[in-house]
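S.K.: So TrEMBL has the following annotated:
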DOMAIN    40-217  domain 'Formyl transferase N-terminal'
BINDING   GLY47, SER48, ASN49  N(1)-(5-phospho-beta-D-ribosyl)glycinamide binding site
BINDING   ARG100, MET125, ARG126, ILE127, VAL128, ASN142  (6R)-10-formyltetrahydrofolate binding site
ACT_SITE  HIS144  active site, proton donor
SITE      ASP180  site 'Raises pKa of active site His'
Amino acid sequence: MNQDNKEYCESNLFNGLNGHSLISPIESVSNLVEPKIRLGILASGNGSNFEFIIKSIQNNELNAEVSILIVNNPSCLAIEKAIKYDIPYVIINHRDCNSRLEHDKLVMNKLEELSVELVVMAGWMRIVGEEIINKFNNRLINIHPSLLPSFKGIDAIQQAMDKRVTITGCTVHYVQKEVDSGSIIIQAAVPLKEKDSIETLKKRIQDMEHIILPLAIAKVAIGIRTSFKDKK
């Protein structure tokens, strides 16, 4: 790991987290991918991970551009963040579609229209179908609030609380047909403390999500650029 990346990882890992969280793997991740990787962000909720992607770009920690934010929920708070940062967005409401396949096709068509290279599911509360997965093979990633393969699916944080595990965390992984089962890109471990509530644990997990998602994007972007060069 070069010194700049080492200092970036260490400062983000330990500042405000009391040194109790770990990221794996920690490795050299260059932010100087050229040209910039074109991102399509899928979100359904408050857009906190979406905002941290934007901040990483603005802080020159991630060499990327957000081509589009796609939301499936008209009341999604990520829309406000898109407006705040002047990011193009579109609402593709799944309730307006007759089937999951129809919704998937509308999403995929928009991503293709804008020549998106990497699709990031940042709080996207929909299962994507095979057509999108196949089209963006190894270019579709998701962030999940557990240390996969533990606690797949919805309510992962509550599952960890119910099991009273000592360590949980978050994972960025490639999206495959089976939910939350794609190859792991990066994980962060977060301790479950005795006095934790669902809210306090969720906050600490989200803090780590905000760190590892930009790192994962940078890592995958390098792979995409390397693959493109190899095909030339």
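Just so you know, the numbers here start at 1 and follow the chain as drawn.
Note that Cβ sites are derived from N, Cα and C of the backbone, with glycine treated the same way.
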S.K.: May I ask which residues of the same chain, at least 6 positions away in sequence, place their Cβ under 8 angstroms from the Cβ of ARG126 ((6R)-10-formyltetrahydrofolate binding site)?
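M.R.: Spatial neighbours, sequence-distant, of ARG126 ((6R)-10-formyltetrahydrofolate binding site): LEU42, SER44, ASN72, HIS94, ARG100, HIS103.
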S.K.: In the structure shown, which of the binding-site residues SER48, ASN49, ASN142 has the fewest Cβ neighbours within 10 Å?
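M.R.: Each of the binding-site residues SER48, ASN49, ASN142 was scored; lowest Cβ tally within 10 Å is SER48.
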S.K.: Identify, among the recorded positions GLY47, ARG100, VAL128, HIS144, the residue whose Cβ has the fewest other Cβ atoms within 10 Å in this structure.
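M.R.: Comparing Cβ neighbour counts within 10 Å for the recorded positions GLY47, ARG100, VAL128, HIS144 gives ARG100.
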S.K.: If you pair up every Cα among ARG100, MET125, ARG126, ILE127, VAL128, ASN142, the residues annotated as binding (6R)-10-formyltetrahydrofolate, what's the maximum separation in angstrom, rounded to an integer?
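M.R.: Between the most distant Cα atoms of the (6R)-10-formyltetrahydrofolate site, 19 Å.
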S.K.: Please classify the secondary structure at MET125 ((6R)-10-formyltetrahydrofolate binding site) using three-state DSSP.
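M.R.: Reduced to three states, the DSSP call for MET125 ((6R)-10-formyltetrahydrofolate binding site) is coil.
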S.K.: Once the DSSP letters are reduced so that anything not helix or strand counts as coil, what is ASN49 (N(1)-(5-phospho-beta-D-ribosyl)glycinamide binding site)?
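M.R.: In the DSSP reduction, ASN49 (N(1)-(5-phospho-beta-D-ribosyl)glycinamide binding site) maps to helix.
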S.K.: Are there any residues in the same chain, six or more apart in sequence, whose C-beta is under 8 angstroms from the C-beta of ASP180 (site 'Raises pKa of active site His'), and if so which?
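M.R.: ASN142, HIS144, LEU148, PRO149, LYS152, GLY153, HIS173 - these are the non-local Cβ neighbours of ASP180 (site 'Raises pKa of active site His'), listed in sequence order.
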S.K.: Check ARG100 ((6R)-10-formyltetrahydrofolate binding site) against DSSP and tell me helix, strand or coil, would you?
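M.R.: In three-state terms, ARG100 ((6R)-10-formyltetrahydrofolate binding site) counts as helix.
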S.K.: What does DSSP assign ASP180 (site 'Raises pKa of active site His'), in three states?
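M.R.: DSSP assigns ASP180 (site 'Raises pKa of active site His') to coil.
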S.K.: With Cβ-Cβ distance below 8 Å and at least 6 positions apart along the chain, what are the contacts of MET125 ((6R)-10-formyltetrahydrofolate binding site)? List them in sequence order.
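M.R.: Spatial neighbours, sequence-distant, of MET125 ((6R)-10-formyltetrahydrofolate binding site): SER44, GLY45, ASN72, ASN73.
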S.K.: For ILE127 ((6R)-10-formyltetrahydrofolate binding site), write down the residues of its own chain that are at least 6 apart in sequence and whose Cβ falls under 8 Å from its Cβ; none is a fine answer.
M.R.: ARG100, VAL179
